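Okay, structure first, notes after.
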């Protein structure tokens with residue numbers, strides 16, 4: 001027994017020594033400074049994952065504006081100088097922004113590769129999203145979301161809303177339920193039909209139960225999403241795997257065809273799945289699970305942080321409420337509980353610079369997205385004052401949280417300032433500086449360049465609609481006005497808006513209108 005243990009121990013040690021001597025990457029002339037880390041395969045992954053911002057600050061201080069880190073089998077070149085970001089955008093012929101996203105989607109959601117080069121589909125997914133989430137299509141989404149938010153806030157939650165009675169809930173739980181249910185109805189339509197249907201109320205309750213069940217499956221799957229992106233197989237997570245499969249079953253084409261008012265996005269995606277892909281029925285459904293996740297995973301925490309900071313800042317709350325009231329008056333919209341819904345169109349929502357600034361500030365403080373580009377070939381990356389050699393299949397990355405928390409760009413960067421993105425005229429501020437130079441890239445929660453999130457406009461409008469309706473119909477307050485701001489859940493760093501590490505209790509009740 002001792003001999004066997006000694007043999008295995010010696011073998012492990014020899015493997016590690018061999019990796020240190022032979023397997024570790026060595027920096028070549030003209031390449032960025034290299035951090036291999038000490039662990040085979042993982043490299044710097046554990047230190048990076050524990051606190052990406054502090055890790056990158058430390059390496060930036062040590063190496064300067066560009067350096068390479070070995071993270072979970074990948075070599076990532078982090079570019080930290082915002083004045084060099086444009087250099088990355090100019091390297092389209094050498095860098096692929098789709099490869100990483102295609103591979104991640106297939107790995108996480110379980111469908112076949114959506115890379116047209118793989119032969120499973122010829123759909124241009126990015127163009128599909130731009131076509132159905134921007135331009136004229138955005139107007140229809142805004143209209144549907146406005147109706148669905150009011151249905152969810154006032155009708156589906158009616159049993160809780162007794163006259164003049166406070167309801168206490170977790171703020172994140174509330175935002176999660178309202179935004180998920182409303183967003184699901186907006187994208188994937190409704191099962192219930194005519195308002196003259198005698199069984200409408202019963203059908204609505206059944207529909208709501210199905211959506212809330214989908215929410216529970218979504219949360220179970222979402223919990224392990226960072227692990228899937230890191231490369232762990234979903235079969236290691238039995239309950240999350242089951243949850244993903246249940247979401248797929250709910251979004252099978254045969255089930256979606258039973259629903260009314262499908263969004264243009266889902267309708268077009270169903271058509272393209274059926275005509276341009278070789279996916280089986282479940283794989284098609286899992287591409288819709290990907291759409292569902294993308295529509296909710298960042299919007300929900302962004303909504304939470306925006307409302308939380310408003311509740312913590314009376315000055316911000318007064319300014320936001322005043323702006324919403326002014327827009328409603330200009331639109332000649334009256335607030336009542338008699339069943340007549342408020343209607344605000346895209347133009348009216350766009351005329352809310354205070355809410356814009358508040359949402360931007362909340363997202364600046366909570367976003368930890370990462371922009372990836374994969375090198376198609378060996379090439380030389382030319383920056384503003386230098387150049388570096390990049391190897392094929394390496395990743396070049398931007399981590400905008402470094403930018404968002406830079407005190408040279410944002411004074412007192414850890415403090416919420418509701419008017420940070422407003423100029424002296426009360427309009428959108430776009431002049432931000434570093435070292436006395438104006439920045440082109442200063443706010444990047446949605447990524448940048450051609451890979452910028454195509455659903456960003458809808459996401460911001462959703463949050464504006466949510467806030468406008470909350471201010472209109474409810475009195476709201478924190479249970480503990482002195483509660484501390486929850487910390488950011490760093491396990492999701494690189495994926496977008498970070499969730500809070502814990503929920504915060506708040507209470508609300510209907511206004512006496």
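Residue numbers in this text run from 1 along the chain shown.
Note that Cβ sites are derived from N, Cα and C of the backbone, with glycine treated the same way.
Secondary structure at residue 298 (substrate binding site), taken from DSSP and collapsed to helix, strand or coil, is coil. Cβ neighbours within 10 Å of residue 298 (substrate binding site), excluding its own Cβ and spanning all shown chains: 26. Positions annotated as substrate binding site by TrEMBL: 107, 298.
The heme binding site feature in TrEMBL is assigned to 453. Residue density at residue 453 (heme binding site): 18 other Cβ atoms are found within 10 A of its Cβ, drawing on all protein chains shown. When secondary structure is read from DSSP and collapsed to three states, residue 453 (heme binding site) falls in the coil class.
As annotated by TrEMBL, transmembrane segment applies to 6-22.
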> Under a criterion of Cβ-Cβ distance under 8 Å and sequence separation of at least 6, what residues of the same chain contact residue 107 (substrate binding site)?
Replying inline: 228, 229, 231
> Quick one: Cα separation, residue 298 (substrate binding site) versus residue 453 (heme binding site), in Å?
Replying inline: 11
> Which state, by DSSP, holds residue 107 (substrate binding site): helix, strand or coil?
Replying inline: helix
